[in-house]
Amino acid sequence: MKKIAVLFGGNSPEYSVSLTSAASVIQAIDPLKYEVMTIGIAPTMDWYWYQGNLANVRNDTWLEDHKNCHQLTFSSQGFILGEKRIVPDVLFPVLHGKYGEDGCIQGLLELMNLPYVGCHVAASALCMNKWLLHQLADTMGIASAPTLLLSRYENDPATIDRFIQDHGFPIFIKPNEAGSSKGITKVTDKTALQSALTTAFAYGSTVLIQKAIAGIEIGCGILGNEQLTIGACDAISLVDGFFDFEEKYQLISATITVPAPLPLALESQIKEQAQLLYRNLGLTGLARIDFFVTNQGAIYLNEINTMPGFTGHSRYPAMMAEVGLSYEILVEQLIALAEEDKR
């Protein structure tokens, strides 16, 4: 029986989301086909084979279950537990944001010679860096909102003022390399500017100031390596504010509609752009590609998630369910794609 190792946790602002997503993935893996190995990464970055109750993962008490936490070390082929070598057939890194989607875990798994679900090192790192992603998208004829890149060492107030004069308010101030809308502030006047910059810089050394696009957010899920399955597009509606971390995982005032109520021609255009990005950036396994669409039908790239949320109400599984892939089948196909990619 093949051994599937599911990774969760890590030193990331999205630690809690990872636990919830991973618990759902583990539940979906067929125990008659696969032996599941649950590997937790503590915020200290210590790795453990967790053999306790899955509910403890979901409610984040797994590290308190000491008798079921067995510390792992790495080898060039798998893991070492005591004197035993453990080599999973496929590793499913259900890790979001920092260290999970930025190429770090992918590089480690490459060094360990382990097949894994999702995009490779370069593609993961590129999609995490929104500024570089948008520069490359521009070469493909795919538009992004007007954006100013700032670094912790170069953030001239005069440059910021010129950007605001050119594009006006509202603007979004966001970390260049963070996921799940962490550290993002919608700014409507200068009084909130410095506070928003401080918040964003807490997540990294580079920050984006981006013109707010009036319209709706549309997502497009893609599954596959050579042969692609394009999921249904979804649309996000908010009573107020923007689709921040709390809205993404608690749905306080957000409504997600799948399939998105789009004219057929516009939907086709969005899917074409999503496929172009997926192919040209060398994405594999899965991704959710998010756009803004104005009332006039203009399309702007927002971001690409190379390991989108996998909770029970997450967008990516819902997109795939709409085209006939249940959560369980989706997980099984991702495992198969990882094996195919390694070959």
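Each residue, glycine too, has its Cβ placed from N, Cα and C.
According to Swiss-Prot, the features are:
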type	residues	note
BINDING	164-219	ATP binding site
BINDING	Asp290, Glu303	Mg(2+) 1 binding site
BINDING	Asp290, Glu303	Mn(2+) 1 binding site
BINDING	Glu303, Asn305	Mg(2+) 2 binding site
BINDING	Glu303, Asn305	Mn(2+) 2 binding site
DOMAIN	134-336	domain 'ATP-grasp'
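All features noted in Swiss-Prot, drawn onto the structure.
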residue : record                : CB count, 10 Å
Ile164  : ATP binding site      : 18
Ile171  : ATP binding site      : 25
Ala178  : ATP binding site      : 25
Ala192  : ATP binding site      : 15
Thr199  : ATP binding site      : 18
Thr206  : ATP binding site      : 20
Ile213  : ATP binding site      : 21
Asp290  : Mg(2+) 1 binding site : 20
Glu303  : Mg(2+) 1 binding site : 18
Asn305  : Mg(2+) 2 binding site : 22
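According to DSSP, Ala192 (ATP binding site) sits within a helical segment. If you take the C-beta of Thr185 (ATP binding site) and look for same-chain residues 6 or more apart in sequence within under 8 angstroms, you find Phe172, Ile173, Lys174, Ala192, Ser195, Ala196, Thr199, Ala200.
Ile213 (ATP binding site) sits 14 Å from Glu303 (Mg(2+) 1 binding site), taking the CA atoms of both as reference points. Within 10 Å of Asp290 (Mg(2+) 1 binding site), judged by CA to CA distance, lie the following binding-site residues from the set Ile164, Ile171, Ala178, Thr206, Asn305: Asn305. Glu303 (Mg(2+) 1 binding site) is 16 Å away from Thr206 (ATP binding site) when you measure Cα to Cα. Taken residue by residue with DSSP, Ile213 (ATP binding site) is part of neither helix nor strand, so it is coil.
Cα of Glu303 (Mg(2+) 1 binding site) to Cα of Ile164 (ATP binding site): a span of 22 Å.
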